Amino acid sequence: MPSIHASTSELFTHLTVSNICVAAGCAFALSLLYLYVRALYLVFFHPLSRIPGPKYAACSRLPYVRNQLRGDLVKWLHSLHQQYGDVVRIAPDEVSFISNVWQDVYAAHNGEKATKGTYLKDRRWFAAPYNNTWSILQADAEAHPRMRKMIAPAFSDKVLREQEAMIQEYVELFVLRLHEQTENDSKGDVDMVKWFNFFTFDIIADMTFGESFNCLRDSDYHPWVRMLFKSVRAISLNSAIRRYPFFQAIVKRLAPKNLLEQRRQFNQFVFDRVGERLASESSHPDLMSHIKKFKDEPKGMNRDEIDSNANILLVAGSETTATLLSGCTYMLLSNPEKLAKLTKEVRGTFNHPSEVTIKAVSNMPYLHAALSEALRIYPPSPAGFMRIVPGNGDMIGGHWIPGGTSVSVSQWPANHSDSNFTMPNSFVPERFLGDPRFEKDNTSVLNPFSAGPRNCLGKSLANVEMRLIMARLLLDFDLELIDPEQDWLDQKSFTLWEKLPLMVRLKPVRRYTAPA
């Protein structure tokens, strides 16, 4: 017969297990109730509840994250704007616009608008810097103008004119290497994405710390550039998990050691090059030479700030330009009539490569129009430049948006909206040349380099590179797509486009002696 002690112990154990089950059930029920009440609040009572959009996106960020991680965010946003209009709530605390609200969100503000505060970058979109120091891309309201004062002169029109000889050396090497491709076993069949990358990465490295990546010299990617391309998808993953600290901690803990080592090497390479350049007495007019002018001033950049800025400028000043050049080439070759017009302008303007100068290509209307149209259809940064609404809130495009909300003009959806453009999906450079068919186009919504005091520092450099390369390419070669049936623009985007190879057949134009 069991003892009273044993019976009591069994009863206690049974009650304890029962209590735990009841407690767990209550906790689960309360969690469901909380989520239900929270969803009701977000959908029907939140200050953003008046903004159009799907209810599932209003009560959870998961649909946004799902499309972000799949590389479909831009096209998902486009479908939402087609359904709901110019302004859409795409997450509980995020709103996307495709109307012209650049002045409201991105411009420098005066008067009453200025009293509301500055629209700062949404840092949740960016990976935490390796050295824990933000670059000019994510800097706060105090640090940004201080950094910009030191960096901007390196990319001014004046400096670019002074640097023309250096830039032209890379243009010549680019053309020479392509001529070599027509003479070897490839028979002129080349991946233009690769060659545009070689060109832009070499130039930005030279302009940042006076040392080329030598991609064009070696006809191959530098190891640092290869590491960059391998990390593109991780940018979107990092942005997604930053919204969920718990998962962020798990990912950091479980990240393979080889990936962590690659990230260390990626950053260390830049830090080492910066250190060597700062210690050098070279007078080479690169970014570091401009930064060194401020080294003894109280507001000069410290070493961590210099490292972070060099890192971000190498990426922002190369990949985006190569992307646009690739897209423009594809669109021209897919539209023979437009290609013929631009080729006629180029070959009617220049008789010899030596005539293709920065000044000369600045006066070519159809070239400018073709590049502008390519930027519209295929913006290198296809999503929006995220900003945080300051203070208690502000009016944006006629809508009251509460403070703390992340807002942006979603570029690809805006550029492909028939509310902004006639024939939005067609490559028609004439829309920028006064063609009356497009007189109702809302071109003010186009800002591929952003706008306001935080617009892209490298806009002038990008324009110079794009114009020179496109002019020389069409002067030296006849081009055709190897696979004209391929829809090359059908790509995933992970902050940047995940570009496919762009296979093109080059045929030299024997109008003069090719570069030797």
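Each Cβ is built from the backbone N, Cα and C atoms, and glycine gets one as well.
Model, not experiment: these values are computed from the prediction.
Features as listed in Swiss-Prot:
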TRANSMEM  20-42  transmembrane segment
CARBOHYD  N131  N-linked glycosylation site
CARBOHYD  N184  N-linked glycosylation site
CARBOHYD  N415  N-linked glycosylation site
CARBOHYD  N420  N-linked glycosylation site
CARBOHYD  N442  N-linked glycosylation site
BINDING   C456  heme binding site
Query raised in the report: Which of these glycosylation sites has the least crowded Cβ, counting other Cβ atoms within 10 Å: N415, N442?
Result: N442
Query raised in the report: Just going by other Cβ atoms within 10 Å, which of the glycosylation sites N131, N184, N420 has the emptiest spot?
Result: N184
Query raised in the report: How long is the line from the C-alpha of N442 (N-linked glycosylation site) to the C-alpha of N420 (N-linked glycosylation site), rounded to the nearest angstrom?
Result: 5
Report summary line: By Cα geometry, the one of the glycosylation sites (N131, N184, N415, N420) nearest C456 (heme binding site) is N415
Report summary line: For N131 (N-linked glycosylation site), the closest of the glycosylation sites by C-alpha position, picking from N184, N415, N420, is N415
Query raised in the report: Reported as an integer number of Å, what is the Cα distance between N420 (N-linked glycosylation site) and N184 (N-linked glycosylation site)?
Result: 47
Query raised in the report: What's the CA-CA gap between N184 (N-linked glycosylation site) and N415 (N-linked glycosylation site) in angstrom, rounded?
Result: 41
